[in-house]
Ligand code: SF4
């Protein structure tokens with residue numbers, strides 16, 4: 001990982017690159033376009049493929065290990081950063097490959113210490129990720145897709161159509177950028193990651209798994225999978241697949257209602273994946289992993305704030321050990337979804353606790369910069 005002054009130069013490097021690009025864009029296209037060669041993203045290669053590349057080019061296989069370390073453990077931004085390689089080797093890499101890093105386009109800091117990054121991808125699309133500090137931890141909330149194909153009515157991201165899935169290194173880079181910011185602004189490394197930003201992570205399962213493999217690998221960031229939560233709106237087939245794959249990270253489900261009619265109104269895909277299917281998949285998950293399930297739950301005024309809603313949730317929680325996180329809601333401008341009154345939240349808490357279900361009531365962070373849950377919509 002990085003020392004503080006190299007973090008500062010790394011962060012400013014992001015911005016310098018962007019500024020330079022916007023100033024020089026016209027000139028660059030005018031002179032260079034006819035000669036443009038599409039190079040492959042080097043981070044799509046496995047370590048073995050990198051070793052083979054060097055052998056094929058008359059060098060030693062271990063050179064591939066060095067480059068792999070630069071790309072993942074040291075999160076190099078350019079081939080020139082790879083200072084233990086000769087100039088010729090760096091040039092050979094430059095001639096054949098590109099490093100498609102994300103670039104922090106804008107960074108906003110909230111009064112409560114929350115940081116929101118709008119990150120620009122190599123094809124100029126933008127996604128957002130958030131650093132959420134508390135007394136005991138700093139958590140990265142990362143995106144898995146550009147936009148989202150699901151249509152949760154309360155979610156700002158749902159208004160952006162899904163453009164594409166993020167690739168593993170784009171997910172990894174968001175974590176590295178936030179880890180750097182955590183060290184720089186909060187004097188501690190990132191402690192936790194939640195896949196709760198833009199997109200449905202289980203609709204981009206393979207790339208999310210590859211990114212988590214890198215994040216948890218000692219050749220990457222070396223984080224414990226127990227500090228990672230993948231939050232899904234509930235895709236039954238993929239929850240079963242996760243159980244079969246014996247994943248080690250935690251699972252959270254954005255439930256918001258345990259009554260089909262209500263859930264379908266607020267999360268229309270529930271008509272395709274009804275609660276019975278979700279429950280069956282979660283039973284499967286629990287039987288295979290023995291891991292408690294966390295439900296993310298927002299209580300809205302007039303939508304799910306009645307006693308029958310709590311009773312349904314209690315029944316849904318009973319088939320496997322569960323925890324309920326009641327999250328404060330952040331309106332996304334129209335009046336349809338409003339945070340429920342505190343009496344309704346108190347009722348949820350009392351009834352759940354009376355049924356021995358662990359419940360926490362979480363206040364949202366970063367509301368002043370639209371970084372709170374459900375607010376990510378590339379507005380900055
Ligand atoms: S809540 Fe999650 S799954 Fe639903 S639309 Fe928003 S980003 Fe997609």
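Note: Cβ is positioned from N, Cα and C throughout, glycine not excepted.
Remember, TrEMBL labels are computer predictions, not curated facts.
If you check TrEMBL, you get these features:
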- 128: active site, proton acceptor (ACT_SITE)
- 134-368: domain 'Radical SAM core' (DOMAIN)
- 148, 152, 155: [4Fe-4S] cluster binding site (BINDING)
- 199, 200, 231, 254, 255, 256, 330: S-adenosyl-L-methionine binding site (BINDING)
- 373: active site, S-methylcysteine intermediate (ACT_SITE)
In angstrom units, rounded to an integer, how far apart are the Cα atoms of residue 200 (S-adenosyl-L-methionine binding site) and residue 152 ([4Fe-4S] cluster binding site)? 11
Tell me which of the recorded positions 128, 199, 330 ends up closest to residue 152 ([4Fe-4S] cluster binding site) in space, Cα to Cα. 199
Determine, from DSSP, whether residue 200 (S-adenosyl-L-methionine binding site) sits in helix, strand or coil. coil
Spatial neighbours of residue 256 (S-adenosyl-L-methionine binding site) that are distant in sequence (at least 6 apart) but have CB under 8 A: 154, 263, 266, 267, 296, 297, 298, 304
Just the number: how many Å between the Cα atoms of residue 148 ([4Fe-4S] cluster binding site) and residue 199 (S-adenosyl-L-methionine binding site)? 4
According to DSSP, folded down to helix, strand and coil, what is residue 152 ([4Fe-4S] cluster binding site)? coil
For residue 128 (active site, proton acceptor), which of the binding-site residues 155, 199, 254, 255, 330 has the nearest Cα in space? 199
